[in-house]
Each structure stands twice: as C-alpha cells, then as structure tokens.
Amino acid sequence: MDPVDPNIEPWNHPGSQPKTACNRCHCKKCCYHCQVCFITKGLGISYGRKKRRQRRRPSQGGQTHQDPIPKQPSSQPRGDPTGPKE
C-alpha cells in the first residue's frame, strides 16, 4: 500500500478517480470503469427518480390510426353436422 498524504483530501488522492469520465456505454469494460459504473451499469441499481413515460394521446381530429376489427363469420359447430348417432 502506498503511504497516504494526510495533507491531501481523500477524493484527491492519486488513483481515487478514474482518468476518463463515465459514459453511457454498457460494455464489460465500461461496467467495471469505477464503483459508480459497476453499481449502476453492472448491477442495475439506480436510486434516481424513474422517468414516467407519457401516454400517446389520440389526435383531436377524432381519427384513430387503427382499422376497425372486421366481423368474423360465426364458426360452424364442430362434430357431425347430422347430429349424434344412436
């Protein structure tokens, strides 16, 4: 272990911070970039607020972009159409 200089704050010690900034990549190398990356990317733990997805509202023109479901013919009863044999 290297000796720790008591005159330097702990967050300024050499090796306390990675040389490159964190990014949004989730590859294996970036997941082990630093402790924060490992927790958020590697383990998937996030304590931030979850973004609520807005529902898409139908347009005010009254038209929906969906075709109506066509009526399907009633199905034929299964089995012998002449009825049960005795």
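Cβ atoms are placed via backbone N, Cα and C, with glycine included.
What Swiss-Prot records for 1-24 is region 'Interaction with human CREBBP'. Swiss-Prot lists 1-48 with the feature region 'Transactivation', giving sequence analysis as the kind of evidence. Under the heading region 'Disordered', Swiss-Prot lists 1-21, 47-86. The annotation site 'Essential for Tat translocation through the endosomal membrane' is assigned in Swiss-Prot to Trp11. Residues or ranges marked as region 'Cysteine-rich' in Swiss-Prot: 22-37. Look at Swiss-Prot and you will find 38-48 tagged as region 'Core'. Annotation source Swiss-Prot lists region 'Interaction with the host capping enzyme RNGTT' at 49-86. What Swiss-Prot lists as asymmetric dimethylarginine is Arg52, Arg53, and the listing cites sequence analysis. Taken from Swiss-Prot, the feature ubiquitin cross-link covers Lys71, and the record attributes it to sequence analysis.
Its own atom aside, the Cβ of the residue listed as 'ubiquitin cross-link' has 6 Cβ atoms within 10 angstroms in the protein chains shown. For Trp11 (site 'Essential for Tat translocation through the endosomal membrane'), the same-chain residues that are 6 or more apart in sequence and have a Cβ closer than 8 Å to its Cβ are Gln17. Arg53 (asymmetric dimethylarginine) sits 34 Å from the residue listed as 'ubiquitin cross-link', taking the CA atoms of both as reference points. In the three-state DSSP assignment, the secondary structure recorded for Trp11 (site 'Essential for Tat translocation through the endosomal membrane') is helix.
Under the three-state DSSP scheme, Arg52 (asymmetric dimethylarginine) falls in the coil class.
Cα-Cα distance from the residue listed as 'ubiquitin cross-link' to Arg52 (asymmetric dimethylarginine): 37 Å (rounded to the nearest whole number). Across the region 'Cysteine-rich' (22-37), DSSP assigns 7 helix, 0 strand, 9 coil. DSSP gives the residue listed as 'ubiquitin cross-link' a coil state; it is part of no helix or strand. Mean pLDDT across the region 'Interaction with human CREBBP' (1-24) comes to 78 in this model. Every protein chain considered, the tally of other Cβ atoms within 10 Å of the Cβ of Arg53 (asymmetric dimethylarginine) stands at 6.
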